[in-house]
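Annotated in TrEMBL:
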- 1-81: region 'Disordered' (REGION)
- 19-29: compositional bias 'Polar residues' (COMPBIAS)
- 162-273: domain 'Reverse transcriptase' (DOMAIN)
Amino acid sequence: MPARSSARGRKGEEPPEKASTSKMLSSMTLAKKTGESKTLPSIVKRTPTAELSSSNSRVSSPPHQQPLRRHLLPKTNRPPNLKTPCITKPRWSQLPSQPPNHPLRLLPEDDSLVVEVLPDEVEAHIKLLKSRKATGPDELKAPIFKNLPRIVIVALTAIFNNCMRVHHFPLAWKHATTVMIPKPGKDPTNPLSCRPIFLLNIAGKVFEKILSTRLKNFLEINNLLPPEQFGFRSERSTINPILEFYTDTTRHANLKEHTLAVFLDIERAFDRV
């Protein structure tokens, strides 16, 4: 008989999972009725991790992952008005699963970049050469090119057109004479304290100038450059950003507002950027 009553008592008891959940829900309901909503997170915190994991395995993590998740998820991300503990979604889950469908800005068809080079175009760029510029590995100075006869200009033009036709840049025009110029106030014996200057052959520089001029004109005509870019653009200089900065700071000062400016001085920017 005692054994039968003991078995009957175990049959009427709730499983440990339901008992822990009922205990937690009753505590939360009591706190809500008494207005002590601030104590709800502490009620969830006092509930053993193993009991929460067994009572609702879909929202809880295994016990060995709880310490890490408890540190990663702050307490403010646990809504106190939920009956069961909830793990909020990570921030990256809020990102769109598909990339945005923005229309592509196709470049207009323009043959000005690949049109054949004319002898007059080559001669015009040769006249813009500075006579006192240092020479490259071939040691041909700028005055020699400025005094070339017309037949040589035509031959040089044919070389440029062949390079464009076969998409080839001669290897000889890629060779350069390197001159190390020490930076002021730096150790001249340290190579890192010197600024390298590469002296190229003039023929290759003329060809590069023709291509860069066409490319710049194409970018300017089609408005492909941002208005904030002032460097390496015609009719613009460092005065333009200084003037815009002065205008912005003056306008915000009159409106009793603050202006934030960031100035960067990147060491060895040419090698790193």
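In case you wondered, yes, glycine gets a Cβ from its N, Cα and C as well.
A TrEMBL annotation is a machine prediction, not a hand-curated record.
Over the domain 'Reverse transcriptase' (162-273) the predicted model carries a mean pLDDT of 89. Per DSSP, the secondary structure of the domain 'Reverse transcriptase' (162-273) breaks down as 51 helix, 14 strand, 47 coil.
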